Ligand SMILES: NC(=O)C[C@H](N)C(=O)O
């Protein structure tokens, strides 16, 4: 390995905040950092399949612009955003000018958005080079990224295992050091569960605190865009870039964001009440997950937090309610993919060429099985005669889940649970069993139903399989800052316990790639 490679290898392993510091100090240029990530993508993404599209030219142009501004100095350099020049990957559910947006679906193959999502505009305003678009379950429907029409993403910890979903591409890109930062979307856990199983940090902000303008809608009353990163501070930094009011999203909260970065730097949890949710651990959770969860509680207690137990009895109905509300909203949102307005158009092979038959042929060919399953489920739940029994009851459960949270937050400042019941499972294991797949989100869905923010951070490795375990923190709506405060403290305590960041223990994919080539040559 040459010195240049060594330094590129060190560069891609820095957190976004560390990279930003080096950029400010002039120790590295934005072009060098961006090129190091592009080289890493070229070296390992053949194995991981985190990216659906890489936009090297545009990313390098933005990086070069940042370098030129810095080199010139003066007011323009002063005005550069702290993260200027720090590259980022974007989930391919979020629209971008100049790069295709597929939503992981054949129906949008080759489609280009004529506009940028608000979050993308904000990345561009901060001059963060966008490396490319990441893989996902089709229209964000899934927990393993196996439902992508463009092949599954693989977990960098074990390439035969799933990276979680739907945002497996964003999480795997960050975990495999292909990007320091990524954007995800979370409707029922799609940022947090992939974060948990890849050893990364993922945040679902308070509903309405980050604009969804330009995120292809799955279930509009649940969807939220958020950060995917390697450290809690990086998530706070990215959240601060993308968050805040947007008049183009009618659900956008009017108030400005709190200082999330300052919250991440608070450095103590003394006197905070942290509530264990009785219903979200124990039975049904893998032993190694439970063990790491208990370690986290122990560390927080030692750091001066008060650990209490709360009960949320209606959470047992949350998954059922979600799988009525989400498909109902999705069936309506996905009606616009009709073969007329966007992407694919398939003509019927014979018979009359009516508009209904073109729509039918397009949707039959363009949507995958999971999307069709949910459209059928949602259409059924909303149909006359069933509406009250299904959709209506699910909305009532939603209110009960919100009340459970209100009662729990009267007793605790922050709630805690494992993020997912298990570590990453083997590819293919749950593909034929949708219910088993849906159960991955049992601990993440309540937050979406209630609109409260949630953060998942790596809690260590499970004893039985050596794979990452996620710890989830939940706070009341608009109190995202608490997540960063507790999350950053817990992260530093855990790092002290393991002797460094968890991802440092992940297998070296570049070396593995070289090994594979050697073995193939030997054959
Ligand atoms: N979109 C999400 O948040 C993922 C969730 N696993 C679902 O399939 O609905």
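The backbone N, Cα and C atoms fix where each Cβ goes, and this holds for glycine too.
For reference, TrEMBL has these:
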ACT_SITE  91  active site, charge relay system
ACT_SITE  166  active site, charge relay system
ACT_SITE  190  active site, acyl-ester intermediate
DOMAIN    32-483  domain 'Amidase'
What is the number of other Cβ atoms found within 10 Å of the Cβ of residue 166 (active site, charge relay system)? 34
Give the number of CB atoms, excluding that of the residue listed as 'active site, acyl-ester intermediate' itself, located within 10 Å of its CB. 37
For the residue listed as 'active site, acyl-ester intermediate', just give me the three-state DSSP call. coil
Spatial neighbours, same chain, of residue 91 (active site, charge relay system) - Cβ under 8 Å, 6+ residues apart: 133, 134, 136, 167, 169, 170, 182, 183, 184, 185
Spacing of the two Cα atoms, residue 190 (active site, acyl-ester intermediate) and residue 166 (active site, charge relay system), in whole angstrom, works out to 5
Restricted to the domain 'Amidase' (32-483), the mean pLDDT of the model is 97
